Amino acid sequence: MIEADRLVHAQPQGTEERDEQIDRAMRPKLLDEYTGQDDTRAQLKVFIEAAQKRGEALDHMLIYGPPGLGKTTLAMIVANEMGVNIKSTSGPVLEKAGDLAALLTNLEAGDVLFIDEIHRLSPVVEEILYPAMEDYQLDIMIGEGPAARSIKLELPPFTLIGATTRAGALTSPLRARFGIPLRLEFYNVKDLSSIVTRSAKVLELPIDQEGAVEVARRSRGTPRIANRLLRRVRDYAEVKHDGEVNKVVAESALDMLDVDVEGFDYMDRKLLLAIIDKFMGGPVGLDNLAAAIGEERETIEDVLEPFLIQQGFIQRTPRGRIATARAYQHFNLIQPE
């Protein structure tokens with residue numbers, strides 16, 4: 001199964017224009033509208049207020065954590081709270097030094113430059129970024145060959161917000177230049193059900209508390225997945241029921257979508273059962289596991305494993321992955337002694 005085809009995968013999907021408009025409407029615009037991540041929210045309020053009192057640009061910020069938890073949304077909120085513009089790009093898009101220079105030279109004082117997947121910056125672009133972050137200077141080469149010369153351009157104070165799902169993949173010099181590191185965690189059911197309720201209002205979808213909790217419970221602690229499942233539950237409710245969502249309707253819709261009570265789909269169950277059945281519960285090395293389920297190492301490490309480990313279904317050990325007692329219980333299997 002291709003990762004992008006999964007309802008419960010947390011990467012953004014290519015959607016039609018109307019879905020993109022709905023996604024934008026679902027996003028909170030200010031910190032007071034942002035649900036969950038209480039520690040991060042409290043820290044940001046202090047940092048933003050302090051920067052505003054001093055009349056300075058906010059310090060550079062690194063937001064990291066699993067996909068779908070609101071890194072892009074948080075960057076937009078920071079820009080809104082600071083009352084500045086935001087320019088967005090991603091690491092793979094910035095292929096040449098000139099690509100980054102074009103963005104930096106168009107920033108105004110205090111603006112936010114948001115770079116998603118910042119761990120994928122090329123070394124050439126990263127080298128240009130260091131003096132820009134530290135000294136608000138841009139070192140660029142003019143001309144080629146013997147006639148080439150370096151010139152320095154002064155940049156207005158700006159805030160770089162980098163987002164990544166793989167903080168460990170950042171180089172040490174780049175990571176050290178971020179004054180504000182923020183880790184986003186998976187959401188609990190209570191906070192996620194509040195997000196579902198808010199999104200349902202945007203969709204003009206009647207949903208009761210139990211229905212919202214059921215959607216939240218199967219959303220893998222991830223707002224992006226919750227909003228995607230909510231749209232599919234809405235489709236089911238409009239066709240099979242009277243358009244309203246309660247616990248029974250949500251359960252029926254999500255069962256039809258093959259998303260179980262833990263938020264697992266076919267790929268999650270395939271991974272867990274491979275460890276249990278093919279490798280006797282583990283330990284199993286990542287390469288063997290990837291070959292057994294026909295997936296890439298990176299997909300297992302970055303997409304499948306984080307939630308399964310966080311929820312206690314898989315344990316990582318020096319010798320490999322192990323299925324926990326909770327994994328056996330999920331499939332009503334007896335764990336070997």
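Positions of Cβ are set from backbone N, Cα and C atoms, glycine also.
Just so it is clear, the model here is predicted, and its values are computed rather than measured.
According to Swiss-Prot, Arg27, Gly68, Lys71, Thr72, Thr73, Glu134, Asp135, Tyr136, Arg177, Tyr187 bind ATP; the candidate from Arg218, Arg220, Arg224 that the record adds to this site is Arg224. In sequence order, Gly285, Leu286, Leu289, Ile300, Glu301, Glu305, Ile314, Gly320 are the residues of the same chain, not among Arg297, Arg316, Arg321, whose CB sits within 8 A of the CB centroid for the DNA site.
Under DSSP, Arg177 (ATP binding site) is assigned to coil, being neither helix nor strand in the three-state scheme.
Residues belonging to the region 'Head domain (RuvB-H)' (261-337) score a mean pLDDT of 93 in the model. Annotated pair Arg316 (DNA binding site) and Arg224 (ATP binding site), C-alpha to C-alpha distance, rounded: 26 Å. Of all the binding-site residues listed here (Lys71, Arg177, Arg224, Arg321), the one with the fewest other CB atoms within 10 A of its own CB is Arg177. Distance between Cα atoms for Arg27 (ATP binding site) and Thr72 (Mg(2+) binding site): 10 Å, as a whole number.
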